[in-house]
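**Student:** Structure in structure tokens, see below.
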Amino acid sequence: MKVTIVGAGAVGASCAEYIAIKDFASEVVLLDIKEGVAEGKAMDLMQCASLNGFDTRIVGSTNDYKKTAGSDIVVITSGIPRKPGMTREELIGINAGIVKTVSASLLEHSPEAIVIVVSNPMDTMTYLVHKSTDLPRHRIIGMGGALDSARFKYRLAEALDAPISDVDGMVIGGHSDTGMVPLTSHATRNSIKVSEFLSEERLAQVAEDTKVGGATLTKLLGTSAWYAPGAAVSALVQAIACDQKKMFPCSALLQGEYGLDDLCIGVPVLLGRNGIEEIVKIELSEAEKAKMAQSAEGVSKTNALLDV
Ligand SMILES: NC(=O)c1ccc[n+]([C@@H]2O[C@H](COP(=O)([O-])OP(=O)(O)OC[C@H]3O[C@@H](n4cnc5c(N)ncnc54)[C@H](O)[C@@H]3O)[C@@H](O)[C@H]2O)c1
Ligand SMILES: O=C(O)C[C@H](O)C(=O)O
């Protein structure tokens with residue numbers, strides 16, 4: 001199993017590290033446009049192998065796509081991250097050009113690959129890859145909901161004063177400060193609805209803290225987060241590589257599902273060797289349906305800024 005990660009910055013390197021530690025891939029290629037950075041990070045990570053007990057071979061490349069040839073899964077993290085006070089949508093001007101060029105170069109050398117898009121604004125960048133390639137929709141996956149759901153579980157556990165392993169929950173919708181739809185009505189602690197333990201006000205606060213999770217970290221760090229994003233990407237890569245048929249909310253091209261068409265937005269999917277094996281339809285409350293429709297409107301507005 002060969003995985004390529006384009007962008008050896010904060011998220012790309014974190015993702016490579018988690019993939020290596022889990023030791024399910026034979027090779028990870030890290031590629032970056034900055035001279036020497038990918039080679040340096042690959043060497044540093046390889047020097048963790050004997051310490052952390054993995055056999056995954058990590059290779060660095062300065063913009064040489066020949067080294068990525070024959071990848072089964074490719075991950076696009078190249079592009080600029082936001083600074084405090086910015087929205088993800090403001091990154092479109094620079095990142096759209098990068099994502100378009102990078103996806104074309106990747107597919108030229110790995111025409112059978114499954115593509116995971118991470119660069120922001122992620123739902124629109126995922127849509128851009130659909131529009132600029134002729135790949136079937138099951139092979140293009142946007143990563144956002146897996147991360148947002150991890151943050152939701154963190155906030156739920158905090159409110160419940162419970163271990164995170166007791167808690168389950170999912171966030172669908174657009175990966176933006178206002179577009180996320182945390183499914184509070186479906187969230188549970190050991191199969192019991194969290195609404196049995198938390199007031200409506202506290203649950204609303206959990207949802208709000210989840211939605212601004214990325215902005216909160218950006219304010220603290222001066223740039224956006226990388227540990228949980230890297231872990232979330234590695235979980236998607238593992239689900240595909242190991243054909244787990246595991247459920248994650250991912251940005252998928254919708255063609256009528258959830259009453260939506262011609263956009264990529266976060267919905268629950270099953271991930272396996274073919275990429276998106278199934279888009280899972282779940283029953284939403286009227287309020288959740290309204291939030292999803294509003295979120296889709298926001299994503300479509302950003303998509304309209306694309307030159308495709
Ligand atoms: N979808 C999500 O949940 C999520 C989570 C975190 C970050 N992000 C996004 O991921 C992107 C990367 O974030 P980061 O913190 O790793 O940024 P970073 O600046 O640390 O790394 C980005 C890397 O991309 C490289 N790059 C730029 N143009 C390139 C090109 N044409 N070819 C190859 N490499 C190129 C840069 O040299 C840099 O090393 C940002 O757009 C950020 O907003 C998304
Ligand atoms: O917040 C960001 O800009 C990066 C990423 O989308 C995140 O949610 O951490």
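Note: Cβ is positioned from N, Cα and C throughout, glycine not excepted.
Nobody curates TrEMBL annotations by hand; they come from automatic prediction.
Summarising the annotation, TrEMBL assigns active site, proton acceptor to His175. Feature annotation from TrEMBL assigns NAD(+) binding site to Gly7, Ala8, Gly9, Ala10, Val11, Gly12, Asp32, Asn95, Val118, Ser119, Asn120. Look at TrEMBL and you will find Arg82, Arg88, Asn120, Arg151 tagged as substrate binding site. Residues annotated as domain 'Lactate/malate dehydrogenase N-terminal' in TrEMBL: 1-142. Per TrEMBL, the feature domain 'Lactate/malate dehydrogenase C-terminal' maps to 147-297.
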**Student:** Taking DSSP three-state, what's Asp32 (NAD(+) binding site) in: helix, strand or coil?
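**Tutor:** Once the DSSP labels are grouped into three classes, Asp32 (NAD(+) binding site) ends up as strand.
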**Student:** Including all protein chains displayed, how many Cβ atoms other than that of His175 (active site, proton acceptor) lie within 10 Å of its Cβ?
**Tutor:** 29
**Student:** So how many of the residues in the domain 'Lactate/malate dehydrogenase N-terminal' (1-142) end up helix, strand or coil by DSSP?
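**Tutor:** Summed over the domain 'Lactate/malate dehydrogenase N-terminal' (1-142), the classes give 67 helix, 28 strand, 47 coil.
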**Student:** Any of the binding-site residues Gly7, Gly9, Val11, Arg82, Val118, Arg151 with a C-beta atom under 6 A from ligand 2? Give them in order, or none.
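**Tutor:** Within range of ligand 2: Arg82.
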**Student:** Hey, how far is Arg151 (substrate binding site) from the residue listed as 'active site, proton acceptor', Cα to Cα, in Å?
**Tutor:** 12
**Student:** Restricting to the same chain and to sequence separations of six or more, state which residues have a Cβ under 8 Å from that of Gly9 (NAD(+) binding site).
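**Tutor:** Long-range Cβ contacts: Asp32, Thr77, Ser78, Pro81, Trp226.
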**Student:** How big is the Cα-to-Cα gap, in Å, between Arg82 (substrate binding site) and the residue listed as 'active site, proton acceptor'?
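**Tutor:** Cα to Cα, Arg82 (substrate binding site) and the residue listed as 'active site, proton acceptor' are separated by 14 Å.
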**Student:** Within 10 Å of the Cβ of Asp32 (NAD(+) binding site), how many other Cβ atoms can you find? Include all protein chains, please.
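**Tutor:** I get 25 for this one.
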**Student:** Once the DSSP letters are reduced so that anything not helix or strand counts as coil, what is Arg151 (substrate binding site)?
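**Tutor:** It is helical.
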**Student:** Measuring C-alpha to C-alpha, could you say which of the binding-site residues Gly7, Val11, Arg88, Asn120 are within 10 Å of His175 (active site, proton acceptor)?
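**Tutor:** Close binding-site residues: Arg88, Asn120.
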**Student:** Out of these binding-site residues, Arg82, Arg88, Arg151, which one has the fewest other C-beta atoms within 10 Å of its own C-beta?
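**Tutor:** Output over binding-site residues Arg82, Arg88, Arg151: least Cβ neighbours within 10 Å is Arg82.
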